Amino acid sequence: MRAQGRGRLPRRLLLLLALWVQAARPMGYFELQLSALRNVNGELLSGACCDGDGRTTRAGGCGHDECDTYVRVCLKEYQAKVTPTGPCSYGHGATPVLGGNSFYLPPAGAAGDRARARARAGGDQDPGLVVIPFQFAWPRSFTLIVEAWDWDNDTTPNEELLIERVSHAGMINPEDRWKSLHFSGHVAHLELQIRVRCDENYYSATCNKFCRPRNDFFGHYTCDQYGNKACMDGWMGKECKEAVCKQGCNLLHGGCTVPGECRCSYGWQGRFCDECVPYPGCVHGSCVEPWQCNCETNWGGLLCDKDLNYCGSHHPCTNGGTCINAEPDQYRCTCPDGYSGRNCEKAEHACTSNPCANGGSCHEVPSGFECHCPSGWSGPTCALDIDECASNPCAAGGTCVDQVDGFECICPEQWVGATCQLDANECEGKPCLNAFSCKNLIGGYYCDCIPGWKGINCHINVNDCRGQCQHGGTCKDLVNGYQCVCPRGFGGRHCELERDECASSPCHSGGLCEDLADGFHCHCPQGFSGPLCEVDVDLCEPSPCRNGARCYNLEGDYYCACPDDFGGKNCSVPREPCPGGACRVIDGCGSDAGPGMPGTAASGVCGPHGRCVSQPGGNFSCICDSGFTGTYCHENIDDCLGQPCRNGGTCIDEVDAFRCFCPSGWEGELCDTNPNDCLPDPCHSRGRCYDLVNDFYCACDDGWKGKTCHSREFQCDAYTCSNGGTCYDSGDTFRCACPPGWKGSTCAVAKNSSCLPNPCVNGGTCVGSGASFSCICRDGWEGRTCTHNTNDCNPLPCYNGGICVDGVNWFRCECAPGFAGPDCRINIDECQSSPCAYGATCVDEINGYRCSCPPGRAGPRCQEVIGFGRSCWSRGTPFPHGSSWVEDCNSCRCLDGRRDCSKVWCGWKPCLLAGQPEALSAQCPLGQRCLEKAPGQCLRPPCEAWGECGAEEPPSTPCLPRSGHLDNNCARLTLHFNRDHVPQGTTVGAICSGIRSLPATRAVARDRLLVLLCDRASSGASAVEVAVSFSPARDLPDSSLIQGAAHAIVAAITQRGNSSLLLAVTEVKVETVVTGGSSTGLLVPVLCGAFSVLWLACVVLCVWWTRKRRKERERSRLPREESANNQWAPLNPIRNPIERPGGHKDVLYQCKNFTPPPRRADEALPGPAGHAAVREDEEDEDLGRGEEDSLEAEKFLSHKFTKDPGRSPGRPAHWASGPKVDNRAVRSINEARYAGKE
């Protein structure tokens, strides 16, 4: 391990070194290429000769020992007045010894680069090149000091060895081209070239824009020639990390990681993630929020899978049978005479009427009858004669007429030809009557009938009377409907209700019917009157609607159809785009935040130099920082408008400031200072020096001649005139003829002609330096001559398909329809203007809206009145047609003024005993009060604070808990609880109320009153017994109804639901009666005896096998950890069903939804482990008891469901200590015990 750690250390050091090298990479380079140096006299700046031989030029010139010349370069910040002292803040460099007094090097450019490449290939270094790297934003302005020195084997600078010092303060932009500089000093003439280049992946005029192309998690972009990130297709954002989602994708419920997709959040779906996911398994329902299941019409149940109108959806009854909806997914057929079966599919005595003609014989079959025809006849009743028309030669439904040796086709109107094979356009004759349109078909035509009509020509009124009316009611056919005229004493849509005075709901408009001895009395709601509340008080007389709106009188209310310019209940409020100022204002300075972001996100509309201020109506204005102006604060105020720089200086505009770049010969902040070129004295005491602009003049003494009084013979030499000027000797003086672009006595002053005409466009400023120039571009422009407009639309700032319009240092988003905001991130809420009529709900959509209409209204804006269903009243509260509500433990719904409620006896409601008197009375229904519960009703203490609402007795029934009574109208449920999971303070009454409130309990109590009574079970302290019965109990031929109710309640309990009480249930036992006929005879006893013999044989075989295996293990004497242990657990067996007339049977089921209850670690486990250590005599005794139990079986049907919330399926069992034995002969302790055992 230590060696491995020592191996890791070098790797870590190498990694840190690599990271340091990467971080230390420069942003750019300043390069200087020396081309030539000419020191004609071989002298130093002090006038002495090189190599310190003591001679001076004043004494007559230097000897043949030339200077050993090398160059030092110092780069520092821009100085209006250059000072040679001080640090080289930008960097410094030096060359080796390059030559003697004068030398030439390959110039910069293509030819020079090739020469230097050949030198490097030969192993030589480029001697005249000085490269100074920098790791900061290049400021473009700089000061360059170049010094030529004489090498004298001394590493310390010595001013006495200085040959020449020249300086240049100017501006240069990064580019590949070289910029030439010429210097004529006091002693030497220097020619050099400079340039600035950005390092790889660095761009802009300051080399501080870093851009490295990438296509990974951190970005998806390339780099253009200006270093701008160009997002790849489908990506956007500052770093091109945000994928462009599908247009219209709801960013509140979805997003994307791949361009063009729209990935929905959990619970949402659809193309734009704007559709919620319904509850799993929801069949005929929809949702508004995720995991809902709102049922469609005629569907019910938790998953909307219960067909409430099975007859109307499936039409199961055949042969004219009448279908009646019994309960969800159930129906009953009332068959006509001569038919029977569940669907009236069986015909009875079909051959009695001799249906077979021409001597055919009739045979009855389950579906009716069949005719066996004699030779020469065919058909269902042997009525068809076989002839030439038997092959159906006539097409298109033509009628074949048999003739002698032939046939004739009588074609329908739609067809013509010998065999009716040619089609005719039947729609020309307009055959369709009550139809939307006529469509010509091949071989006929089709009439698109209006609802309520049928037939080929839509001329037959659909007979909607199909036996729906019961109890002798007369059905009256209507167009697309029917009406039942009921006989006296019956009512309802199908005359299915037995009428009393109030059963037919005689009171209209939601009136409450009061049954009286001699009739009834209607208590009308507000807005109605009359004996039957049939008189609707016309609230439209006089009309309350304003501004010309039409008034509609509704049920107890009115509705005003407002014009487009007004709204409100009475159309008295002018409609505004933002009524009451409650509309959401589109903030021009912000955008909607995306998921996980704060409320608003800055849009950046004012750029980096302004602050956005919102204005009314979604507008904005920008408050600019000092030095900026413009609508978007995108324009830098030009501080050079007053031309503050003097003497031809170039003014460079900066942020709220300016800078002057002076021409040669001038310095200072405003270029108003002429530096003294006579310092140090260039005349070397041979004459008097006069200062000029970027030059000097020596008035020589004692016969000395030349520019610096250095010659006795000539005024001119090769270096008298600078920059290529031609020298003319005039005897006592000289004259220089300057080339274009230069002026002055020695051609040392540049005319700045490189900026004439101005090469910089779009407001750029040209800074000349001899024959070269540099452009300083205004914000928003870039390039060598400021020709490229900076792309402010990159990276893409516009969302949802918005188009970005690039300006000069600004951008604008043109949004797609339905979107707004500076970056098109706001989905325009078309509901802000309240386009929907009063009372309707507006739902915003992309580039539109949708109106959700209240009942009785329709139209695009819910402005059309189509009528209302009647409301229902419950306890003084009105409920509109189609609505649902809960009363106590029952669920109710309103069906056109009729209350349809489940019939569950809600029993005694739990209540708190302690508290204020008014609070105690409010817990119980009217007329009841909170009383102390009966003793022994607490399932898990403390329960002293809980009581029960009294004064309501249950219906009289013999089906009581702990009574042992079972019949066709009585079932008994025994619920076993895990007391550790039962909440404290739980009483038997609370459990009973929870079961009564189950949706499944309400569903089985539609036709009869369902009574549930609870008490502590005698089988254990953690068990509750529930007695289930219907009231009244008459007309129950068998126990199927009570069995169905019991099993539905048990199924709901096993699903647990959201009740903490039901989660604590570990086992449910169901007991119902099973009736049998006397026709069984001796079959049951014989079967019981045979089963008993087989069971005893199995027991004997198991005992023998167990002993044999035990002996084998004792002989083998294997170690304990190597012995096999069979972990197979026996299933709960079905006990011997003993069936006899009027008796009962006891059957045991294992509930797969439940798991066995948890047990203590020291408690013996059921199954093999729990019986491993049982002695052999104890096993025999248990077997004997099992036989006795089977003979003492009672007559109750018992279904047992068990579960264990405390053990997970994957947890290993804890086996008890002792020798390991075969487990297959051991009975599970979960085997059923017969109820009622003595």
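Note that Cβ sites are derived from N, Cα and C of the backbone, with glycine treated the same way.
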Q: If Swiss-Prot is the reference, give me the range from 594-619, 1114-1139 marked as region 'Disordered'.
A: 1114-1139
Q | Disulphide pairing with Cys207 per Swiss-Prot - partner from Cys198, Cys211 | A | Cys198
Q. If you check Swiss-Prot, which of Cys633, Cys660, Cys662 bonds to Cys645 via a disulphide?
A. Cys660
Q. In Swiss-Prot, Cys786 is paired in a disulfide bond with which of Cys777, Cys793?
A. Cys777
**Q.** Cys362 - recorded disulfide partner, Swiss-Prot, among Cys344, Cys351
**A.** Cys351
Q: Based on what Swiss-Prot says, identify which of Asn570, Asn1153 is the N-linked glycosylation site one.
A: Asn570
**Q.** Touch test for the domain 'EGF-like 11' (636-672) and the domain 'EGF-like 4' (347-383), at least 3 Cβ pairs under 8 Å
**A.** no
Q: Report, in whole Å, the straight Cα-to-Cα distance of Cys264 (disulfide bond) from Cys256 (disulfide bond).
A: 8
Q) What is the one among the disulfide-bonded residues Cys264, Cys351 whose Cβ has the most other Cβ atoms less than or equal to 10 Å away? A) Cys264
(Q) If you count CB neighbours within 10 Å, which one among the disulfide-bonded residues Cys245, Cys273, Cys362 has the smallest count? (A) Cys362
Q: Could you break down the residues of the domain 'EGF-like 14' (751-787) into DSSP helix, strand and coil, giving a count for each?
A: 3 helix, 12 strand, 22 coil
Q. From the Cα of Cys813 (disulfide bond) across to the Cα of Cys606 (disulfide bond), what is the distance in angstrom?
A. 13
Q) When you tally the Cβ atoms that lie within 10 Å of each candidate's Cβ, which of the disulfide-bonded residues (Cys502, Cys760) has the highest tally? A) Cys760
Q: State the count of C-beta atoms found within 10 angstroms of the C-beta of Cys824 (disulfide bond), not counting that atom itself.
A: 23
Q: Could you tell me which three-state DSSP class Cys264 (disulfide bond) falls into?
A: strand
Q: Provide, as an integer number of angstrom, the distance between the C-alpha atoms of Cys245 (disulfide bond) and Cys264 (disulfide bond).
A: 11
(Q) Return the average pLDDT for the domain 'EGF-like 4' (347-383) as a whole number. (A) 77
Q. For Cys716 (disulfide bond), which residues of its chain lie six or more apart in sequence with Cβ-Cβ distance below 8 Å?
A. Gly706, Cys727, Tyr728, Asp729, Phe734
